[in-house]
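K.L.:
Sharing a structure, written as structure tokens. Questions coming.
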Amino acid sequence: MKKRFFMTGIIAAVALSLGACSAVNSGNNVNSTAAVQSVENWKPYDANGNILRTDRDATGVNGVVSTGKYEATKIGVDIIKKGGNAIDAAVAVGFALGVCEPQSSGIGGGGFMVIRFAKTGETKFIDFREIAPKNATPDMWKLDKDGKVINNEKAVGGKAVGVPGEVKGMMYALEKYGTMSRKDVIQPSVELAENGYEVSAVLSRDIKNKYDMIEMFPETSKIYLNEGFPYEVGETIKNPDLANTLRKIIKNGEKAVYEGEIAKAIVKSAQDAGGPLTMEDMQNYDIRVNDPLVGHYRGYEIVTSAPPSSGGAHVVQILNILENYDMKNVKPGSAEYYHLFSEAIKMAFADRAKFCGDTEFIDVPIDGIISKDYAKELVKQLDSKKSKKYIAGNPWAWDGSKDTTHYSIVDKEGNIVAVTKTVNNVFASGVVAEGTGIILNNEMNDFDTGHGKANSVEAGKKPLSSMSPTIVLKDGKPVMSLGAPGATRIITGVAQVISLVLDYGMDIQEAINFPRIHDDYDKLVCETRIDPAVIAKLKAMGHNVVEEAEYFEYPCVQGVTMGEDGKLRGGADPRRDGKALGF
């Protein structure tokens, strides 16, 4: 009898950071007593299959790459060594992560990319988020008496699948701003898929958690189960079908996925699983290229994702609320520190639930949400000693205001790319398109059920997102680039790391490692590493504290900081498989 495992769902994306600096101090750990592994044989787990939480960061002479997977980090470093720029590395890493972190992102998904060009200072926001198929409606999901979707069809199977955007987004970036050929940047991923990669403790856990769903789909089971059982730590997964798909993209570019046999396989597999996806949906998909959102925090520019992601706006909104307090006099890790963050998060998320969606379909008061005057109005409600519940404010009153406006890459010319991409939940819809090796997203799960809401389903509409690829500047010079996977926890994770670096002067790895909280509407979720005395005080303030785990599974922040001396340091999150390498 096959063993069954409980399922857990998380939204995952990816963050990479890469850059150049003028001095070397390679491979330092936050914990100086921890063993440093050899670069060529680095693993995120020990001999017993346990996750290692140390040896994640790096600095370098010509660059630092930090991604959610060692294999992808190494590919990104190699691209820069061969003369590629930040965009070349971003595309190469994007395809690599789709191979070796398949539960989180890939060709069947989508995402956002923020680029800053060194020569001009110009910034671009490439939106390759998935969209709803033309025949998708709120009524395609049937609800039970409790308002829950029957058979979980909003998250699993064909009705969960949106039109994927990743390949169009990556190809646009490469052809418009890259310097290398498709073969140069994709071939390493072909070899990775064909030769295989080691299963980490995180991937093994994710497969076990999603075992029942994976087992439902023969094509998915063929790749991600080992003779019907979950892969164990240290075993090898190969995906020859995905290798062949990548070869076709090398040969034919985006047309291979949106017009050819691969597109037909994606559509057929989604339809066979009950979904409305059509060839017309695939052929008509296009990216959007706009300006990123720009906010300010204590004299720093926060360049981040624009709608349809609300992530960037709410990162800025949380920081605007915190700017009304002298954070340097609030001890990081204290009850007062976590309380202020919790209250700011609740205020931001109340606005998110009411106002945010795809701006191609609804009006969203983005300028109001990120207005500093609006933040001052919200702060009037905040009790510094007591937890409260908040309803949405009225950002429309400040919407005319212009006072404010993950993988991240910085190359040696100073170009910066920040990317967050996803297939949504772990292993997404569970559907792998037959013969392609492509996991199809379950991005339709990000829409609200029912009609008439800001985030209700409409044909061609993009679901609300929390992805927040972010670049931080000071006087026009790059200071930090970061991003994270993790659903709404992306917003809180990115905001906390930005504050810890800018307000407290923490090293990027120290800020990433720092114990986190997330306020989930009716509960304050905490890492158990937080001092018990602090937890007790938070409870006394009225917080419904839930101690979840020593380390959250997500959000997992990957980032890089650029010092005034030109040194660059990459930090990678020990909560999953993140690793930085310097060269």
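Here the Cβ of each residue, glycine as well, is placed from N, Cα and C on the backbone.
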K.L.:
If TrEMBL gives Thr422, Val423, Asn424, Asp446, Ser465, Ser466, Ala487 as binding L-glutamate, which of Arg129, Arg182, Arg205 does it give for that site as well?
P.N.:
Arg129
K.L.:
Tell me whether Asp446 (L-glutamate binding site) sits in a helix, a strand or coil according to DSSP.
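P.N.:
Its secondary structure by DSSP: helix.
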K.L.:
Would you give the longest CA-CA distance, in whole angstrom, between residues of Arg129, Thr422, Val423, Asn424, Asp446, Ser465, Ser466, Ala487, the set recorded as binding L-glutamate?
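P.N.:
The L-glutamate-binding residues span at most 14 Å between Cα atoms.
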K.L.:
Taking the Cβ of each of the binding-site residues and counting other Cβ atoms inside 10 Å, which one has the highest number: Asp446, Ser465?
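P.N.:
That would be Ser465, with the highest Cβ count within 10 Å.
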K.L.:
Which Cβ among the binding-site residues (Val423, Ala487) has the fewest C-beta neighbours inside 10 Å?
P.N.:
Ala487
